[in-house]
Each structure stands twice: as structure tokens, then as C-alpha cells.
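Student: Quick one: structure below, then a few questions.
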Amino acid sequence: MPVQMLSARKARTLALASPILGFIPAHDQARGASKTSEGEKLDLPVQTPQFSMWSHQQTQTTHREFEGDNTAKMVSKTRVYNWYISLVAAMCMVLYGYDASVFNSVQGSNNWLNWFDLDAKKDSYMIGLINTAYTIGAIVAGFFLGGPTADYLGRRWGMGIGCFLTIVATFMQTFAPRHGIGCFIAGRVVIGLGQGMALTAGPVYIGEMSPPQIRGYIMAFWQLFYSVGSFIAYWINYACSLHRDKLGEWDWKMVVIFQILVPFIICILLPFQPESPRWHIQKRNDIESARKALRRIRETEQEVEEEVMAIREAIEYEKEAISHGYAALFKDASVRKRLYLAFILNVGQQLTGQGTLNSYSTAIYKKVWKSSQQINLINALNATFGIIFTLNAVWTADRYGRRWLLMVGAIGMAISMLMVSVIGLTTPDVDGAKTEPVGIAIVFCLFLFIFFYKPSWGATTWIWTSEIFSMNVRAQAVGMCSQMQNVANTIFQQFFPIFLTNEGLKCLFFFMAVNILLCFFVYFFIPETKQIPLEEIDVLFGGANHVDKGSQMMGVPEAKSGAQHVAEKDGRASTHEQERRSREIAV
């Protein structure tokens, strides 16, 4: 029967956790509790059925075989709860998706224009200012407020404060007095502040709470919920557009005020969720609170102790060897490299064409269709398919990896933009619009673009950004990177309307070229991060392994590199060995 070797870090964890767990590790019993000298290879005779007992799959097997159906149910509940708390955090993205779509919908309402005494053509500058007001608030929060709030008050507080500000801003916009455009603009700034804070804390929380094996799956729902927000906004707008005369001013107020629903739900649910164990240790040095949080989201006590030890080791190194906060983003060459790569990736997300399509899809569709009601329906269908397409990231992010998704997505989007341009430029107009078959073909190609965008540059950009930074800079870095999307989108939107007016559908050739360049950028510069523990991801970018460095500072001996990975081979352990290890887990 094959003999497997435990990883060095897991062996260290067992040794240090023994007084806490109330048992002596099996290998110490076998060796007479002899101490392993530094540098000695830990060839530990742990014979397990099919997989190492340390893997998640084998943990489930052990529980099912020796602790019965009740324990199996407990394991299942743990995994479900992990998904639940992550999805509550991911609901912050509904705010972003809803708001990104709601103003695109509202500005098409004559009742909204009349309420604020605006003319769509004469007051285009004011309408642009209203759109920019949100971005200003989001950038300020993302760069300067979101990170410190999530670091000093906690990830939950960061999300909660952001949601509360969104609720306040929704009331400011909905009940702005007639001709009171200043109140509406102020509401746009406040909602930008709220979402900037929520979008900083949300992905950090998910990344820190999720097990590495399913982190990609769970983070995919972050982008999915953006599509859910767009879906809700566009369908509410479409329903209201059918009854504009009856609803009057409430045809646009109804669309705006529904934005209050999701942040209200998040504010109610957040107090009952555990705070990030990494935050407990990093900011409060509260090991016991970290353990309590981990016990709710990990399946065995060994997993809890191993993760606590990894966090402590990483933080110990970060405290002694490197600085914290915004200064650390630029002092450490490894972190600086990650920051620049993430900046380019997030700017590239907007330059794929998605940001422009989201803000100006109505203007683009007007070059193809005449009926505004038909355009509203197409926008609503686009949001609906967006949800379906984003689900592809759930099963591909951890199966094929981040790089594969980003490259395939970029090529697919480039081809889609090429097809739209060629079809639009080679077919004649009839009374200022395309024929119905041509219009359907163009809409199909734009939907194909969304098919490639959603699971790749939509979801995977957020996944990669949220997992590449070490704990000492994670909140600040994620906040800054996420707002680079708004910076890029704001700058480009100043030029795109002119670009579209002068060049028509030829402007889509620009997006085709950008997507090709992005594919090469990913191939040469973006490393794969699939299923790598957060504390060990630094080495991918030329940095030190914070866990190993921290363990040296704490005086914990390390094993040779040959024992770093658990060998997964077939084999069966004796009944006595299985029962003994099951009892250890139960303790």
C-alpha cells in the first residue's frame, strides 16, 4: 500500500494545534512523540483510502464512513452556508448592475426630462454631468474610503455602510423636487460613494471566506449578480415604458426607487454573518474570534487550525518585513507589479466594449431600430441572457483557469465586434434604419459578444483582482483596481458619443483591435491563480511566501520542499487506522 507524505505546513499545524485539540498527532504517537529537526523530511506514514485525509474530498469520505448520515449532513450544511454568506456579499454587485442600467433607462423617459426641465439635445452636457456625478463618488470611495473602512471597521461594516448610503441616495433621487436637478445630482454622488465602498469590501470578503477549491466558483456569482441588477432595472423600465402616460412622473421614479430593495436586504442579513477571520487576526489579533468564524465555514477542526496558522504566519511576516496601507502598494516591487497588472486588466475590461454598450446601447440600437419600445425590449433581453451567460463562469473558472477564460473571451469578443461592423456597414439602410433581418443579425452578434464577455472579462477580472493581493494591502488594492473601471469608462464616454456620431458602426473596429491586444497581454503577463491559497499567491509575482517567512519568524520548523504537496494515490488504510483518525477529527 502506498505511503503518503503530509505537507510541511499541515504537519506544523497539527503539532501546534495538539494542545488545543486535545490529542497527540498520529505520527508523534508512532515515533514516540519525537521532535522533527529543522529541515528533516516529514515522511509520515498516513495511509488513507483514495486521497489524503487532509483533502476536502477525503474529509467528506471519513465523515460519511465513520460518523454516519448526521455528519454528512453537517458537512453539506457547512458548504451550503459558505455559499450563502458569499452570495449575500455578492448581492452588493446587484447595486452596481442596477445603477449602471437604471440611468441608461431613465434618461429615455420624457417624463424625467420634463420633471427636471431638460432637453435631450440642448442639455446633453447636463445629462453627461449627471452620469459623471456617480463616477466621481465611486472613485473617491474606491480610492480613499472603501479600503480604510474595510480594514479598520471590518469587511461587513464596509458593505453595510455602502448599502446604507445607497438607500439614502435612492430617496434623494426619487423625491428630488421638480426642477431640483441639484438634489438629483447630489444623490448620484452619494450613491457612487456607497457603491464604491460596497464594491471594495464585497470581493475581499468573498475571497477571504471561500475555500481555495471553490473560490473561483463563488466569485463568479459576483459578476452574475451584476447581470441580475441589470435584469431587474431593464425589465422594470420596460414594464413602465408600456404605461408612461398612466404613470406620469412615476414611470421613472418607479425604476429609481426599486434600487432600495437589495441594499435593505443586505443590511438586515450582514449582522448575522461571520466577519473575515483574516480581519480578526490582522486588526485585532483575536485568534479565538477567527477560530469561531472559521468553524462556521470549514468542515474539520484541522482545517480551521491549519488556516489560522497560515494567516498568523503571513501576518507575522507582513508586520515585520513590509509596510501596510497605501504606501505598501508602491514600496514592494512584487505588490507594485500586481497593482499595475490589475489596473490594466480592469481598464481593459471597460475597453472591451462592454462599458460603452451598457451606457450607449440605446444610441447604438437606434441606428438599427426605430421603435423605442422595441429597443427597451432588446435591452431587457440582453440583461436576461447576461445572467445565463455569466453562469458559464461558475463551472469554467476553477476548471479551465483564469487565463484560459480571459484569452478565449477576448478572441470571441473581437470576432463579435468584427461581425457587427461588417454586417452594419455592408447592408443598406431603409428609411434611416436597417431591415428587420439585418437588425436581428446585428442584435444576435451583440448578444454573442455578451456570451463571451460575461464569464471572462466580466466575472474573471473580478476573481483575479480579488485574490492576487496579500492581506496587508488587499482592501486598498481591490478598491483602487475596481474604480479603475470607472475611471476608464468615464474618460472614454466623453469621446465615444462623438466617435459614434462621426464613424457610426465603424467605431466597433476599435473594440475589435483592443480585444486582440488584451488577449496577448493576458498570454504574456497574467499568471494563473486557480485554486492557490491566498497566503501563498505572492510567489507567483516574484514575492516571498508570507506563510513560510512568517513561520520562520515564529520559530516553526519547515520541512524540505519535497514534502510540500500531498501525493494523491490509491490505497486503503486499516480499519483501526481509519477509526482512530475519525475519533481525532471528532475531538
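Backbone N, Cα and C atoms are what each Cβ position is placed from, and that goes for glycine too.
Annotations in TrEMBL come from automatic prediction, not curation.
Annotation source TrEMBL lists coiled coil at 287-314. What TrEMBL lists as compositional bias 'Basic and acidic residues' is 566-587. The domain 'Major facilitator superfamily (MFS) profile' annotation in TrEMBL covers 85-530. Marked as region 'Disordered' by TrEMBL: 558-587. What TrEMBL lists as transmembrane segment is 83-103, 124-145, 157-176, 183-206, 218-240, 252-272, 377-397, 404-425, 437-453, 507-526.
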Student: Go through the chain and flag residues at least 6 beyond the ends of the transmembrane segment (507-526) whose CB is under 8 A from any CB in it; none is fine as an answer.
Tutor: 341, 344-345, 348, 351-353, 356, 402-403, 406-407, 410-411, 413-415, 417-418, 420-421, 424, 457, 464, 496, 499-500
Student: Relative to the transmembrane segment (218-240), which of 83-103, 124-145, 157-176, 183-206, 437-453 accounts for the most Cβ pairs at distances under 8 Å?
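Tutor: Counting Cβ pairs under 8 Å, the winner is 83-103.
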Student: I need to check the long-range neighbours of the transmembrane segment (404-425): which residues 6 or more away from its ends have a CB within less than 8 Å of a CB in the stretch?
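Tutor: Apart from its flanks, the transmembrane segment (404-425) reaches 352-353, 367-368, 393, 396-397, 434, 438, 441-442, 445-446, 448-449, 451-453, 455-457, 459-461, 464, 504-506, 508-509, 511-513, 515-516, 518-519, 522-523, 526.
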Student: Quick one: do the transmembrane segment (252-272) and the transmembrane segment (124-145) have at least 3 Cβ pairs under 8 Å, skipping pairs fewer than 6 apart in sequence?
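Tutor: No; fewer than 3 Cβ pairs under 8 Å.
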Student: So what's the average pLDDT for the domain 'Major facilitator superfamily (MFS) profile' (85-530)?
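Tutor: So the average pLDDT across the domain 'Major facilitator superfamily (MFS) profile' (85-530) works out to 87.
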Student: Please work out whether the transmembrane segment (157-176) lies in contact with the transmembrane segment (83-103), by counting C-beta pairs under 8 angstroms that are 6 or more apart in sequence and asking whether there are at least 3.
Tutor: yes
Student: Excluding the flanking five residues on each side, which residues at least 6 beyond the ends of the transmembrane segment (124-145) place their CB within less than 8 Å of a CB in that stretch?
Tutor: 99, 103, 107, 118, 162, 181, 184-186, 188-197, 199-200, 359, 479-480, 482-483, 486-487, 489-490, 493-494
